[in-house]
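What follows is one structure encoded as structure tokens, with my remarks underneath.
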Amino acid sequence: MILPSLLVASLSALAAAGPVPPSALEARQSESASDLENGICKPVVLIFARGSTESGNMGYIAGMPTCNALKTKLGSDQVACQGVGGAYTAGLIPNFLPNNTDQASIDEATKMFDLAHTQCPDAQIVAGGYSQGTAVMDGSIQALPDDIKSTVKGVVLFGFTRNLQDNGQIPNYPKDQTKVICAPGDLVCDGTLIITPAHLTYALYAGEAAEFLASKVSA
């Protein structure tokens with residue numbers, strides 16, 4: 001594990017100089033999605049937690065690309081997207097806590113799952129997270145009440161910060177409903193918080209993530 005100051009420096013340098021896929025540049029135009037909070041229900045609801053320092057509530061590195069890819073796969077009229085915002089501010093320091101995020105952020109994700117369950121009872125829920133957002137989802141999903149957890153059909157985790165600690169899965173959630181995507185060279189997946197350029201490439205894997213999530217929802 002590295003010091004917070006070094007992590008800040010790494011993220012700043014990589015954000016400024018690291019290669020960014022074209023799809024990620026397009027997604028920067030819109031980094032938020034709040035369908036649930038706007039009262040919109042569709043057959044499939046994607047709830048996503050962005051990575052540290054990303055703006056909006058979805059982020060451009062993995063969140064919005066996954067939302068867009070899932071809409072392309074299933075149809076825009078079939079998919080609602082909701083980012084985890086509010087108390088989850090995607091700050092850097094919570095990465096260094098025992099759960100790699102803080103309880104307020106986990107609770108905010110749980111709030112979104114509860115909203116989807118109560119507001120859209122017939123919807124099939126899928127979820128995702130990137131970087132610190134994977135820890136947010138990990139902490140939330142493993143503690144969901146069974147009646148809500150059973151409606152979460154699939155989860156994708158990009159650059160899973162608890163990949164080593166949790167053995168590549170979310171505790172108390174079916175492993176076959178979870179896809180961990182780790183880019184070659186992403187040391188975060190090896191149990192460190194060392195940020196390499198590979199950690200910024202996950203827009204490239206949005207199609208793969210969407211394929212997995214689509215395979216977990218019924219037609």
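Glycine residues also receive a Cβ, built from the backbone N, Cα and C atoms like all the rest.
From a predicted model like this one, the values you see are computed outputs, not experimental measurements.
For CYS41, the cysteine that Swiss-Prot lists as its disulphide partner among CYS81, CYS120, CYS182 is CYS120. Of the listed disulfide-bonded residues, namely CYS41, CYS67, CYS81, CYS120, CYS182, the sparsest Cβ surroundings within 10 Å are found at CYS41. When Cβ atoms from all protein chains are considered, those within 10 Å of SER131 (active site, nucleophile) total 33, not counting its own. Reduced to three states, the DSSP call for CYS67 (disulfide bond) is helix. Using CA atoms as reference points, the active-site residues SER131, ASP186, HIS199 were checked against CYS41 (disulfide bond), and the closest is SER131. Sequence-distant neighbours of CYS189 (disulfide bond): residues of the same chain at least 6 apart with a C-beta under 8 Å from its C-beta are GLY159, PHE160, ASN163, LEU164, VAL180, CYS182. Under DSSP, CYS189 (disulfide bond) is assigned to a helix (H, G or I) in the three-state scheme.
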